[in-house]
Every structure is written in structure tokens, then in C-alpha cells.
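A short write-up of the structure that comes next.
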């Protein structure tokens, strides 16, 4: 399924560290979501919106760190700070009911995610050969989906059987083990020969994005996609479980885990199979349309098992799109700008998420959850028209891996 060279010691330690990190974050987020739904349900859209907003702020202002600070140092620092925030949240939960002031450590975790995500995404192209990058990204998607599945199932099960407090405690253990594996990893050196000040590096990232029609077009496409899909997953599904399916936290974990099961299946089999059958640009469009219809289906279904199937298909479509759209774009980015360009693109990609949470909350309150999900499912159907208009997008997506390397320099998008 995956080439043996991918499972070398340092890459393995790096992926296990991130596997445990994502696992722990998923456990703690389902615990936080259920805590808020119990104590202050009307606060959940605001908390999720603020959380997304602070993550975006982190993308906007701190994306240069991945091209400036050694990978091991910055990842260890962010993991330790995340651990401290979870301990603080656990103390708050143990002492009183949820208060809006308790959102501060949650926002802190969002900032940490905004720092670390572009760094983690920029590392695999430097740890594996370009011929293996597609396999590496499928392997990465498989581990991420496993951590998501286990996180949602464990989070829901621990809450349902043992309570929210033990969910927080298990998260602390997960972060500690993640830190240990990260400390054991030998990371590639960063290409930081530039003597530019931090604000110059930050500005260069945005300049590169503005001059690059492919990244700008993908950013606009993914802004609409994330405006729809992220609020659906993080807010729409909990509301469906509570108000339509009338189920417990365990079912919330199972439903969200079905997305991850689809991601696992898609990264292990579907993405590789479909990439041999269709050009990458066609496959990306197809995946967005399928995912959109999976969201629309939730505006008419009332059966939890049908929802499980739709979410499984949604997960496959999402991971196939991500792997297909990201592999050649990672190679196209110059190595010494990769983290900044990813961070700047992420800023625009996730810029619609806070508005998405607020819009979904507004539509649910005014028209009900089913009408809201129908509207949100229709929004991504606009994106195929954007992808069709992106200059050089088709050329990059249909190029060989060797031709995709430094594609943006060859096209004059990056100096």
C-alpha cells in the first residue's frame, strides 16, 4: 500500500507524534463541545467562531516561523504550550460550570494550531523523495484519519461511560507521549540563509500569494468549501445528534468518526485508485460535488445510519480532494517559502470559517437545522466554476511530478 522507505525511523517518529497530537486534540474538542452543549449551548457558535478566528489570526501573523525556527524546536514548544492549555481547561471544568471567560485557553489552542499546521504540512516534501510524496501524503492521511476515528470514538465513549473529566485526563497523557516522540525525531534543516527581518519575511509570503493565480484561486475555492464543510462537521453534526437524532455523546463520536473512517479508506485506497482513472483537475471537481451532496442529504434524512453512510462518503471525497490538490502544489512551492505560502493560503482558506459558524447558527435559529444544511450544501457547488478559470491550474494538475517541482518559479509566480 505504501512504500517501505516511508517507514524510516525519523519519518515514523514524526508521524506518530502528530498522530497522537491530533488524537488528543480530537478527544479534548469533543469533550469541550459536549461541556458547552450541557452548560451553555447558545455559546457554542460564538466559541467555535472565535476559535476559528484566532487560528486565522495566527496564520496571518505567525506563518514565517516555519521558515525561520528549526522544526524540532518550534514543534516541541507548541506541543508543551498546548499541554498547558489543556491542563488549564481541565482545572476550569473541575471547579465550576462553563463560563465565556474559559474560552481563553481554547483560543490559545487555536493559535498553536495556526502556528504548527503549516509547519507540519511543509515537512514531508523534505523528508521523502518527490517520487514518494503522493504515497507519503496518503500515509499521512491514513494516520490522521485513524487519530480522528479513535479521537471521536474514544472521546464520545469516555464521556458517555466515565465522564468529561477523564476525557481531559486522557488528552494530557496523549500530549505527553506526542512530545516524547517529537523529541526523538531528527528533523531536516530549514533553509534559512536569508537575513531578512521577520516582518519582511511575513510580507514576502503575502506578495508571493498575490502574484500566484493558482494559490489565489485555490484559496478562494477552499474558502467556500471550508465556509460550508467545517461548520457542518463541528456545529451541524452535534446539533443533528442533539435535536434531530436525539442521541447521546457516544453517537456524536461515532458519526464524526465515520468521516474519519472515510478519510482512512480514501487515503488508503480511493485516492490512489481514482488518480489513475481521472486527471487531477477533474478529480478535484468531482470530489467537491460529491461532498456537497453529502451535506445536502442531511437536510432530508432523519436516520442515524443513513447519516453514517453519507459521512463515510464525505470523508473519502474530502481526503481524495486534499491529496490530489496538495501533492503537486507542495512540489511547486519553493522550499524556503513553503511554510509561509501554506500559512498565507491557509489564512484565506479558513477566513470564511468564523462567518460560516455564525451564518449556520443564524440559519438554524431562523429556519431550522435542515434548511440551514441544504443552503450550506449548495455553496460548494459554485467552486467548479472557479477552478475552471484558474490560469495554469490545469497545466500543473496534469503535469508529471518532476515537472511540478518548482513549477511556480518556472511560471514566474515566485522569484
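Note: Cβ is positioned from N, Cα and C throughout, glycine not excepted.
Curation plays no part in TrEMBL annotations; they are all automatic predictions.
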Looking at 2-19, 20-37, which one does TrEMBL call transmembrane segment?
20-37
Against the transmembrane segment (344-363), which of these stretches has the most C-beta pairs under 8 Å: 99-121, 214-237, 282-300, 369-388?
214-237
Long-range neighbours of the transmembrane segment (306-323), counting only residues six or more past its ends (CB under 8 A):
134, 137-138, 141, 145, 229, 237, 240, 245, 254-256, 258-267, 270-271, 274, 283-284, 287-288, 290-291, 294-295, 297-298
